């Protein structure tokens, strides 16, 4: 009977994960095809982008499954279910999740350090003339070797950085080396993988501060404000075309008698002709947008978009408040920098953590909410990248535009999302630390019953408590996600300060988004600084 219960519970958890997997694959295919360039689409880059994006989303979906499995081991009264009463069975289930993390994180390392760089440099080499396939592959491998070396160095550092005190000073050098290898073997390779992933998570933290923080503000406000009227934009564009044509005609009249134009006038004429081409292209795009049925459907769904935008901005504010309270709790009650600002349990009331705990009795609302939170970070990150483009410091490398995004830009997009998803797990832990550690687990505490007389004996009664750091180790199972997040204390310290930077970036993005007016209905389709790098092409 216990074996049947174990099988049914495991099948339920992994069935949900399989369903989410299929939904993710369908979404990735639609998303990549939506932004992919019509003229430069390639099979290899398309498959790579779809797989990389799918891996990012699947990794984020594993966290709710991890929480679900540890929570389902217990009844609401704090006792283990029959199939989970054996400690070996519980470890076997958690090891399955751990192997899932091993697999996905290893694939992420492979994608970030090998596959995506190789495909990216392969297409960069293709842009050069008179380069054959063999030379493309050779040059791409040459650049990819550098990324592979970085990956190996990170794995080696993670493998041999001692997490515990090494043998005493009286030990020989061989005993110290032997200790490092024994520690590596006893941890089943967790430290090197965790160190490499944590290093990538630091880069992901910068991407979260840049793109996700801005996306959390720009996405809801764009839904609330909507777009400008197509008819008004066409009228305004027509007036601009007439004005530029008048200026061009005025400059050309200066050379009707055969006199050459001055260098200043020639430069002005060249700028005006370029501006006229952009305005004419805008006119064609606006004309197509006015006839497009999607524009009319969007106008009909305007009330729904406003409600959705209000909901998103309230969720963003809730996340910001919860993150602020969590960081304040760490600042007040943790042991400081040397401990990575780790706090066991919650000392201040965290609204999101309390909401997740309150939803526990109504299955499966808490798991739905944690899944929605995870996907919300991914969607807002996509919105941030879509609105900002891909930058290297102050240099814009690529724009992300529907049907006009180059293969290299899509690969960059997917790599950034991979890094963002890695940091998302820590962000969710910061929002609801107790829930991410233990899920909805409770444990039973035996307390002595108040004595009514000298003959009452040593009677006890049991009370249930929510699992926290004070619970006995054999009564509460920690999620495997938490083990990955807090293997090295110095990473946790950097993440702590990164959370403060995220809050500041979100508030700045919120102010900037509020000050901006409505965006154009053809936002990003035609821009003055278009070049070959942005894959500018006409709409057919």
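Placed from the backbone N, Cα and C atoms, the Cβ positions cover glycine too.
Residues or ranges marked as coiled coil in TrEMBL: 234-289. As a whole-number mean, the pLDDT of the coiled coil (234-289) in this prediction is 80.
According to TrEMBL, the transmembrane segment annotation covers 12-32 (among others).
Non-local neighbours of the transmembrane segment (44-73) in the same chain are 9-10, 12-14, 16-17, 20-21, 24-25, 27-29, 31-33, 36, 80-81, 84, 90, 93-94, 97, 100-101, 104-105, 107-108, 111, 115-116, 119, 122-123, 360, 364, 367, 370-371, 374-375, 377-378, 407-408, 410-411, 413-415, 417-418, 420-422, 424-425, 428, 435-436, 438-441, 477-481; each lies 6+ residues outside the stretch with a CB under 8 Å from one of its CB atoms. The feature transmembrane segment is assigned by TrEMBL to 44-73 (among others).
Among residues of the same chain six or more beyond the transmembrane segment (102-123), those with a C-beta under 8 A of the stretch's C-beta atoms are 42, 44-45, 48, 51-52, 55-56, 58-59, 62, 136-137, 139-141, 143-144, 147-148, 150-151, 189, 193, 196-197, 200, 407-408, 411-412, 414-415, 418-419, 422, 484. What TrEMBL records for 102-123 (among others) is transmembrane segment.
Residues or ranges marked as transmembrane segment by TrEMBL: 143-163 (among others).
Under the heading transmembrane segment, TrEMBL lists 193-214 (among others). Beyond the ends of the transmembrane segment (193-214), by six or more residues, the same chain brings 102, 105-106, 108-109, 112, 151, 154-155, 157-159, 161, 377, 380-381, 384-385, 387-388, 391, 416, 418-424, 426-427, 483-484, 487-488, 491, 494-495, 498, 501-502, 505-506, 509, 513 to within a C-beta distance below 8 angstroms of the stretch.
The annotation transmembrane segment is assigned in TrEMBL to 306-325 (among others).
TrEMBL lists 367-397 (among others) with the feature transmembrane segment.
Residues or ranges marked as transmembrane segment in TrEMBL: 409-429 (among others).
Look at TrEMBL and you will find 488-512 (among others) tagged as transmembrane segment.
Against the transmembrane segment (306-325), the recorded stretches 12-32, 367-397, 488-512 differ in Cβ pairs under 8 Å, and the greatest number is found for 488-512.
Long-range neighbours of the transmembrane segment (409-429) within the same chain, counting only residues 6 or more positions beyond its ends whose Cβ lies under 8 Å from a Cβ of the stretch, are 32, 35-36, 45-46, 48-49, 52-53, 55-57, 59-60, 63, 108, 111-112, 116, 119-120, 197, 200-201, 203-205, 207-208, 211-212, 323, 370, 373-374, 377-378, 381-382, 385, 390, 397-400, 436-437, 481-482, 484-485, 495, 498-499, 502, 535.
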